Amino acid sequence: MASPVHDPLTAIEMEERAGLINHATGSPARSIPSSSPSSTAGLDNMARSPTASSRMGSDEAEVTSEVTSIDASEVFFSAPDLRLPESSGPHGLYMSDGIRRIDYVLSYSITDPNIEAERQRLRNEFEKNLEEEGLELERDWVDPRPVLGSKRTYFVRIHAPWEVLTRHAEISQVRMPIKSPAVPVPAQGVLQKVTACLERLLDPFRLSEEVEARFKPKKFTCPFNRERETMFDIKEPASFFRPHVRSRIAYSILLRNKFGHGATEFGIAKALALGMYDGAYPLHDGDYDQKAIKNDRKVLYEQWARFRCFLRYQPVDLIRDYFGSKIGFYFAWLGFYTWMLFPAAILGLVVFIYGIVTMWWENQVSDEICNDYFNLTMCPLCDKFCGYWSLGESCQSAMASHLFDNPATVFFAIFMSLWSTMFLELWKRRRHALQYLWDLQTFRQEEERPRPQFEAQVRHTKRNWITQEDEPWLPFIYRIPRYMLSAVLVLFAIALAVGAVFGVIMYRISVQASLALNRNELIATNANLVTTATAATINLTIILVLNMIYSHIAEFLTELEQPRTETEFDDSFTFKMFLLQFVNYYSAIFYIAFFKGRLIGRPGKYEYTLGYRQEECSPSGCLVELCMQLGITMAGSQLIANNLREIFLPKILVWLNFRWLIKAMAGKSEEERKKTGLSRWELDYLHVDIGPRGLFFEYLEMVIQFGFVSLFVAAFPLAPLLALINNILEIRLDAQKFVCSLRRPMVGRAADIGVWYYILEAISTISVCTNAFVIAFTSEFIPRLVYTRVYSPDGSLNGYLNFSLSYFEVKDFSEKNTPRNPFHLGNNVTFCRYRDLREPPWSEYPYEYSNAFWHVLAARLAFVVVFQNITFLLTRFLDLLIPDTSYDLQDAIKMEEQLVSRAILDFELQRTKQRQRHNRFRRQQTAPPATPDHHVDSWEANLHKRVSGISPSRSQNLTPGRGQPSGTSSDYESTV
């Protein structure tokens, strides 16, 4: 076998492949009378299979009794013990005979028998066609028990026999492990030995040896072929096809199975939409609590879903084996993203600590603001009601500003721009490694059928050139008005978010003015801080409310557009939701970063919006307000709202489903509880379905977080640390949800994270621009740099405060702007200062922009251009430097292709020889009696001896006519 692939260029070590020992789980299914005529067909089919006897023997030996229970951790109360004894009967993962595994379950409920006649006819047709496909069904026709509620719920259990599995595995080109020779492990060099020593430091984070050993080393695979069945590693036919492969094959049959004669009357998706069934799901492998027998679900819970495992690697191979590659890729990407956040979080914390340390002796501007000697009189913050105020009142704000506005943040912003590129490039390498390990290199998306909703609403048809069938089709002329209406409503939803931000701005202006008039000195001094904090909290509440509204709006608009397939629907829905969420989350942040305090005018000539004077930044800038907005929005939406939803919502839904069970079990004896215990398919039915959107909101949450981490990291260096803490919790919360609260989802296949990668790439590109503008225009880095290089007499920041504040003569105030109490500070004010770079009133051009303003503006624009070009140049260099596939992985792929090709050639050679021996034996059996002429017999024997001694190359050169046959000896034998 090949040695595990090591990637020396990957900065973060790939998460270890996880596994378990092979074992069979579950118990025989409960014995229920079956109305299916093929309920025993599985035994006959297995008997006809060439390996039936060994398979049946292994199944009987491996079948164990499963214990079914409800874990109290799933609900908010202590449920009565519903555990069934091992000898209680078939309540587990197998059909009534205890041999055939349940591969899929269909459920339906009957509330009103009067409207169920047509649905029952369609169900009968659907299930009849399933049996004709070769699937074996068992139906639960008994009356429902009270624990499932007042409605009648029935279950159809489906088993895919060996013939069906092999036939569809060959049609779908499912890659299965082959018998491959052992591959010698190459000798380790010095670099490999050093790497192995360093990897020992990660031992505390590794999974248990039992889990890691299951998927190591990788088995060589090739597309399954029934004619080459003996070439595959079929040790036990019952366990050759893993449960996720069996359920995927069963689901592929359900997708194409017909229930009527119409062109669109087929597929389980259409059946669910018509209400024929209310559930279609594969079974979990068993329970996961301590009393349950060992199974994959229990191992996932113990090694992955518990919070005490938060420092361990994820068992991504086992996740993929249990849930499928689509969910496996989500958790692999989330784990890789979390590991990549470690260096960013550490460096961001160092930058923050640097700001704290240097705040006391390298903060010249804050010292001048807090020094009474420089106690300058500032112009009023609002008209009439606000008076003059002392610059020393903003001392705390200036000190806090230095935490995030220091030279280290510039280098951190450059690092984060490179980090985002490095993250995406290394993820591509990780993705290719997973594609190789999970046999997805040749994955291609199958041709999708139209959505049931599309078929029901569209009346036009068009021939599909791939399937050569007439399918529903919506002409483009009918799509134009739908797209236009959808675009208008999306713009209206965006305007709604912008309007909410505008409302928060009005709140800030009015509240800050009222707090500034408060007689309490503490409140008046911290008016800006209180206003910013409360406004950010209100904005967070609006964001959470609009998120729920936007989800319904996006789904309605996508349905309005009538996408043809589920993929088109998901792409359109993803675009709308991300656009709306982007505006919802980031509009207030963009306003503070790039617009607040920019278009306010000047004293005596302020700019007004709806009669209100626009709000200003503090003398130390708007960076503190931007940081508070980012911190409250990110912590509130990610750490609190989303995680609380992850914790409580699934448990509440499970509790609502199980409330009938708890009510029915209350006050019953232990013997009665055992008799009314639930089977595996009934327990899974009571769990929550993952829903049509699947992993959409999980990806959306992480992509929004990636925006917080990358777009404005120059203003909030602690964003990577908050994201890291959130993701550590997110992984375990999502794991608990999938393992404990949700039904086992349909095993979906995917070769990557889909369209989300391109969204991440777009955010990474935009982040370079936003960080450049935050540093250039929001922070004071560029003005201070210009002052020290051009205007400072000694090259220091001494006098920068006076340089950054302009003069205004109070007699130039208009009547609208003049404060009512000009003696608020106890003296008559002649001049006041304001934050801008303008000429003084005694200059030739009073209140016009000074030369320093244009110097600073030019420096800011030059910094943006230089920052963007250098960063883009470095990112492109990293893109070229890091190949998408490591050289070790390329060698491993080539080696597997060579060994698989050699195995196929050897098999074909052996099969050709066997056919030749078989044909020779048949000819000997059907040959006429030998002639008594001894001379002829000896001549034929001598001729055979002569021909058999000639090599094939020489025998092909022999020409007839000399007593020598043309071709090989086998050709001559056939001629004789």
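Cβ coordinates are placed from backbone N, Cα and C, and glycine is handled just like the others.
Keep in mind that this is a model prediction, so the values were computed, not measured.
Here TrEMBL flags 950-976 as compositional bias 'Polar residues'.
Annotated domain 'Anoctamin dimerisation' per TrEMBL: 94-316, in sequence order.
Residues annotated as domain 'Anoctamin transmembrane' in TrEMBL: 319-894.
Here TrEMBL flags 330-357 (among others) as transmembrane segment.
If you look up TrEMBL, you'll see 408-427 (among others) marked as transmembrane segment.
Beyond its flanks by at least six residues, the transmembrane segment (483-509) meets 382, 531-532, 535, 538-539, 542, 546, 550, 553, 557, 560-561, 576, 579-580, 583-584, 587-588, 591, 610, 612-615 of its own chain at Cβ-Cβ distances under 8 Å. Annotation comment: TrEMBL describes 483-509 (among others) as transmembrane segment.
Proximity of distant same-chain residues to the transmembrane segment (529-553), defined by a Cβ-Cβ separation under 8 Å and at least 6 residues beyond the stretch ends, is recorded for 396-397, 489, 493, 496-497, 500-501, 504, 507-508, 511-512, 515, 523, 576-577, 580-581, 584-585, 588, 624-625, 628-629, 632-633, 636-637, 641. If you look up TrEMBL, you'll see 529-553 (among others) marked as transmembrane segment.
Residues or ranges marked as transmembrane segment in TrEMBL: 573-594 (among others).
Long-range contacts of the transmembrane segment (702-725) within its own chain (CB-CB distance under 8 A, at least 6 residues past either end) are made by residues 334, 337-338, 341-342, 344-345, 347-349, 351-352, 404, 409-410, 412-413, 416-417, 420, 578, 581-582, 585-586, 589, 593, 623, 626-627, 630-631, 633-635, 637-639, 756, 759-760, 763-764, 766-767, 770-771, 774-775, 778-779. Annotation comment: TrEMBL describes 702-725 (among others) as transmembrane segment.
Taken from TrEMBL, the feature transmembrane segment applies to 755-777 (among others). Listed as Cβ neighbours of the transmembrane segment (755-777) (distance under 8 Å, sequence separation of 6 or more from its ends, same chain) are residues 409-410, 413, 416-417, 420-421, 423-424, 427, 571, 574, 578, 593-594, 598, 626, 699, 703, 706-707, 710-715, 860-861, 863-864, 867-868, 871-872, 875.
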Per the definition of 3+ C-beta pairs under 8 A with sequence separation of 6 or more, do the transmembrane segment (408-427) and the transmembrane segment (330-357) touch?
yes
